[in-house]
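Asker: My questions all concern the structure below.
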């Protein structure tokens, strides 16, 4: 930019030194119309200029001056739009009521900065040499405003000179963002939005169509570089990557250099096979050459070309190529209004000798080979009408006309220098003008932002294109007017294929973020949309997912379920046990007076059966979804019921030991201690105390154990110590029972209750000894089943050893269920025991004492447990 400023200073110095050089001498063309207020116009009547040596006057013997070539019909069309707009304004009541007219002086910029500055120099000096016939000088009015130029590059250079005189400049097509900076360009205004809106709209279009791998082509200069900078800024923000950036030379004069750049650009496009969308801010003539180069290459024909306003309506590009050769072209154009009057003006325009005299641009236009006659000239102008450009020019003229009227209402503006350019500039910044019934005004940056139309090119030679969408900067959104766009929507422009749900993108270091590989999400992570940057984590407290998952799944609650086959089997065994208990209880109640029932404990049998019922019922609370209540109830019910059972068995063991104890002293002691219900209550009381402390201090509770795919619901015993005390206490009672029963293991064969108690307690002890390591090492939902199995083994062990033999005698061996059979069995047992003792002591086994008690003469030779007497029947029964 500093280099451009220096060039401008040098150029102004040169221009200041050659004020005497006439326009005719430097081949400068123009169109002039008189008026009270003069407006300057700068339009690209030619597309290029090349410098040639020119012999000047005075101190400058020679210097380089550009000569224009490559006639640009669209530029003439824009100049005619200004002429028509001025004529319409002069005919309006707004100006005619003040008896004012607008005049103009229009010059050709030749699409060249230097040529444009020559024109500005001529516009801003008090005298002009425009009469090519007489070369005479005549005083002219100073210009009050300038309309144009179209190119941002040229507008920037022109604006810097006009800023010095504060002459308002209104461009109808310059969109460079830098021109909105009022601190640098205070006199510049425009009737189009700046490129910041256009690049944002383009990126929004790319984003909406998921085109993330694109290329950009610009023409070198302030406009192109500013547009590329703005475009890249927006793409980075939206995650879109630019695969390549091509900068074509600004000058069109050096065709050899231009062709080299065009061929290099074709190579780049051909190499980037995955880039199917290209955004271009280049000149239309350069795009024409590019398309001609692509036509002969092996380049996919389904590309989408996004055209900036710089060439979006220049359909002369398709003169030698078809859309089928290059793809689809989407063009961004400025929104326009009704320009029917201008089209009619072109039809009515006379292209005779009078027109040639007043307009040198028309004179050259009519000499073009493709024109030939006036009819062709009209058709060519209509074909090259850019509706958006025409409307923008008309708005610029309307704004100036309205501002002039507002200034001249209270002053005589027909007097020269009645108003100054800076006054008009100030008025323009605040003016509100009407066109086609719509009110317009400039914003704080001096811009009028109407938005954009998005057009889709077709092969029709007319300049009209199919408008498919409208873009509104106020809400950064598109409104599509055409729904069927499959040929556009089906185009893919991505560096990498989309990652599917369940995958995420991983970009290698140093690569574009749009070039990546797709990796599967890990376990307990997911991605639920395509092209996810990262995988989201599942809430592992309640959710889970497999690898490569697109969503999280709720964890199911896991517990020892009712419908589990194992649970059904255990519950069936518990139910059978309850049926057995009920049956045995009924049988024992019916035979309550029989010797077998009395010998088995009488009322204690029913108490044992009741306790076993509670133990079987506790199994139910180990199955199903646990709760705090079930966790507490199940252990307490089992603990208390089995304590009651073992306590009753302990009483039975003491009774048997008392009945068959032959040691009189020990027998007397046992008789004093034998208080059945007191013993049962004491044993139960201690267990109740343990359970109460447990439930009070460290009560069991439900615990949720988070597992990879489920949540295990299990009972936490609260205190392993209290749980161990409860079970340990029962084990202690069982050991005592086992000890007592073991001492009476050799009782009468048909009444060996102690042996059955021994087996029952042995089964219980073995089951619970196995339970401890299994319970500690087992985890999962079947932990409750382990305890249930042990409970059932214990219950069935007691049923089998204590009650089934009695039931067998009652039902099948009724002859043993008599007092005589029972006494016979007992006395036989006592006799054999005495004989064994006498044999050990050397006494005659047939000798008897008077009190019917066998006396051992040398008791020290016999162990204490062998010293027996005839049992008392009452203690047994």
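One-based numbering along the chain as shown.
Including glycine, each Cβ sits where the backbone N, Cα and C put it.
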Asker: Say a student had to find the N-linked glycosylation site annotation in Swiss-Prot: which of 90, 475 would be the correct pick?
Answerer: 475
Asker: Checking Swiss-Prot: are residue 310 and residue 631 on the same side of the membrane?
Answerer: yes
Asker: So which range, 721-741, 805-825, 826-846, gets flagged transmembrane segment in Swiss-Prot?
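Answerer: The listed stretch tagged transmembrane segment in Swiss-Prot is 721-741.
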Asker: If you look at how Swiss-Prot annotates this chain, which of 541-561, 604-624 comes out as transmembrane segment?
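Answerer: Going through 541-561, 604-624 one by one, Swiss-Prot gives transmembrane segment for 604-624.
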Asker: In Swiss-Prot, which of 510-530, 636-656 is tagged transmembrane segment?
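Answerer: Per Swiss-Prot, the stretch marked transmembrane segment is 636-656.
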Asker: Mind checking which residues of the chain, 6+ beyond the ends of the transmembrane segment (783-803), have their Cβ under 8 Å from one of its Cβ atoms?
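Answerer: For the transmembrane segment (783-803), the far contacts come to 560, 566-567, 570, 573-574, 577, 580-581, 584, 588, 600, 605, 608-609, 612, 615-616, 618-619, 622-623, 626, 638, 642, 645, 649, 714-715, 756-757, 759-760, 763-764, 767-768, 770-771, 774-775.
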Asker: Please list, for the topological domain 'Extracellular' (777-782), how many residues fall into helix, strand and coil according to DSSP.
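Answerer: Each residue of the topological domain 'Extracellular' (777-782) counted once, the result is 1 helix, 0 strand, 5 coil.
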Asker: Same chain only, please: residues at least 6 beyond the ends of the transmembrane segment (677-697) with a C-beta under 8 Å from a C-beta of the stretch. Say none if there are none.
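Answerer: Answer is 607, 632, 636, 639-640, 643-644, 646-648, 650-651, 654, 718-719, 722-723, 725-726, 729-730, 733.
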Asker: Counting only residues 6 or more past its boundaries, what in the same chain has a CB within less than 8 Å of a CB in the transmembrane segment (568-588)?
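Answerer: Residues 562, 597, 600, 605-606, 609-610, 612-613, 616-617, 619-620, 623, 785, 788-789, 792, 795-796, 799, 803, 806-807, 810-811.
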Asker: Spatially, and counting Cα to Cα, which of the recorded positions is closest to residue 99 (N-linked glycosylation site)? Options: 322, 338, 389, 475, 528.
Answerer: 338
Asker: Are there any residues at least 6 positions away along the chain from residue 388 (L-lysine binding site) with a Cβ closer than 8 Å to its Cβ? List them or say none.
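Answerer: Correct list: 309, 313, 333, 334, 335, 336, 453.
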Asker: Once the chains shown are all counted, how many other Cβ atoms turn up within 10 Å of the Cβ of residue 628 (N-linked glycosylation site)?
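Answerer: Taking every protein chain into account, the count is 12.
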Asker: Any idea which of the glycosylation sites 99, 475 has the thinnest Cβ neighbourhood at 10 Å?
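Answerer: If we count Cβ atoms within 10 Å for the glycosylation sites 99, 475, the smallest count is at 475.
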Asker: Do you know offhand how many angstrom separate residue 338 (N-linked glycosylation site) and residue 389 (site 'Important for basic amino acid selectivity') by C-alpha?
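Answerer: For residue 338 (N-linked glycosylation site) versus residue 389 (site 'Important for basic amino acid selectivity'), the Cα atoms are 12 Å apart.
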Asker: Go ahead and report the DSSP secondary structure tallies for the topological domain 'Extracellular' (625-635): helix first, then strand, then coil.
Answerer: 8 helix, 0 strand, 3 coil
